[in-house]
Amino acid sequence: MPRLSEQPLPLPLLPPQQMELDMDMDMGMGMATGFLSDADMQMDEPAAATQSIYPHSATLFAAISACVFVTIGVLGNLITLLALLKSPTIREHATTAFVISLSISDLLFCSFSLPLTAVRFFQESWTFGTTLCKIFPVIFYGNVAVSLLSMVGITLNRYILIACHSRYSQIYKPKFITLQLLFVWAVSFLLLLPPILGIWGEMGLDEATFSCTILKKEGRSIKKTLFVIGFLLPCLVIIVSYSCIYITVLHQKKKIRNHDNFQIAASAAAKGSSSSGGGSYMTTTCTRKAREDNRLTVMMVTIFLCFLVCFLPLMLANVVDDERNTSYPWLHIIASVMAWASSVINPIIYAASNRNYRVAYYKIFALLKFWGEPMSPMPSRNYHQSKNSKELSGVIRSTPLFHAVQKNSINQMCQTYSV
């Protein structure tokens, strides 16, 4: 029997078409495996990118603070608006229009921005969609600009009253006040058009802080420019204006002391009209008007200083630390909470620093049946009632704080002490 050959049998040759098909299948399987591994890597990357830079205790503190400020801010600013609109004495002042603008801005912030902020800090994520994420920074930054520009309007009102008193009544007519308020609100939101349209930065979500804010686009952001135009420049205008007011008042008081106008007026009144009480009326009216103007100015300066203290840390953090340095996350949280507080403290300042506002608040509380009947404005501590006190008090209360008193001599003397 012949022995079989031990050489291996030759493999059958495949047709060229079959060989190409096998190679394509091998390449396809390799590419699929590569895609799967790439997808796994890409799924792992966002998890690291979206990790919050804030500790849980910090976000919980921020969320609770936002809830507290929502409650206090909405009630406080609503009551302030009602008190200002219901008080004829306060409503006649040109300054009141800008205070109302400031209160509306604070109310919008407390009723819209803060509730969304509280939820995102509780959940440590943004869950309200892309559209609302683009609206959120517009309302936030727009409100900051409205608040500051309203304070600029108040400051210019005080400066014109002192330095250009003869033109005051022409500048602060109702239609011009309305135009000034429209300008304040329009400019505040028009400044945000570049990031809204995506021309210079863009509105979007910062996943590391789960905050909807102004993001860089193509390496460019408008934040620093907005800080200069919408924050730093108005602050400088306010500081310079109040400095000019202070210098002007000191100069006018020095002139009055040199000429001894008050003594001359008192002497003339004592000689010519001792029975009519004209001198007493003039002196008391000047003193009362000066005190009311001084209190109002102190209140406005206090509001500005508190606003500056509240918002400056957040503005500096957003501008200087634009790359979201995570070294001090608690400082970012505290700066944010301080900024939120600015929309809550204004009603407290109104009530604490100005008696007319306290009376207006009391009347609103009484109207809402919180307690008793509305109290009438009480005389100041240095004012002693006499048989003519009711008549005098009525005349003073019916006279707008920033309008000229009927007698030119009284008006000339009083305006020099109005700050």
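A Cβ is built for glycine as well, from the same backbone N, Cα and C atoms used for every other residue.
The feature domain 'G-protein coupled receptors family 1 profile' is assigned by TrEMBL to 76-350. Mean predicted confidence for the domain 'G-protein coupled receptors family 1 profile' (76-350): the pLDDT average there is 83.
Residues 54, 91, 96, 99-100, 103-104, 106-107, 109-111, 114-115, 117-119, 121-122, 333, 336-337, 340-341, 343-344, 346-348, 350, 357, 360-361, 363-365 of the same chain, all 6+ positions outside the transmembrane segment (60-85), place their C-beta atoms under 8 angstroms from a C-beta of that stretch. Per TrEMBL, the feature transmembrane segment maps to 60-85 (among others).
Taken from TrEMBL, the feature transmembrane segment applies to 97-118 (among others). Sequence-distant contacts of the transmembrane segment (97-118) (same chain, at least 6 residues past either end, Cβ-Cβ under 8 Å): 62-63, 66-67, 69-70, 73-74, 77-78, 80-81, 84-85, 128, 132, 136, 139-140, 143, 146-147, 150-151, 153-154, 157, 177, 180-181, 184-185, 303, 340, 342-344, 346-347, 350.
The annotation transmembrane segment is assigned in TrEMBL to 138-160 (among others).
According to TrEMBL, the transmembrane segment annotation covers 181-201 (among others). Same-chain residues lying 6 or more positions outside the transmembrane segment (181-201) and placing a CB less than 8 Å from one of its CB atoms are 97-98, 101, 134, 137-138, 141-143, 145-146, 149-150, 153, 214-217, 220-223, 225-226, 229-230.
TrEMBL lists 226-249 (among others) with the feature transmembrane segment.
The list of residues near the transmembrane segment (296-317) in space but at least 6 beyond its ends in sequence, with Cβ under 8 angstroms from a Cβ of it, reads 93, 95, 102, 144, 147-148, 151, 154-155, 158, 227, 231, 235, 238, 242, 245, 331-332, 334-336, 338-339, 341-342, 345-346, 349-350, 353-354, 357, 401, 419. Residues or ranges marked as transmembrane segment by TrEMBL: 296-317 (among others).
If you look up TrEMBL, you'll see 329-352 (among others) marked as transmembrane segment. Sequence-distant contacts of the transmembrane segment (329-352), counting only residues of its own chain at least 6 positions beyond either end whose CB sits under 8 Å from a CB of the stretch, comprise 53-55, 58-59, 61-62, 65-66, 69, 72-73, 76-77, 79-80, 99, 102-103, 105-106, 109-110, 114, 117, 143, 147, 209, 299, 302-303, 306-307, 309-311, 313-314, 316-317, 321, 358, 361.
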**Asked** Where else in the chain does the transmembrane segment (226-249) make close Cβ contacts, counting only residues six or more beyond its ends and a cut-off under 8 Å?
**Response** 141, 144-145, 148-149, 151-152, 155-156, 158-159, 162-163, 188, 191-192, 214, 297, 301, 304, 308, 311, 315, 318-319, 416-417, 419
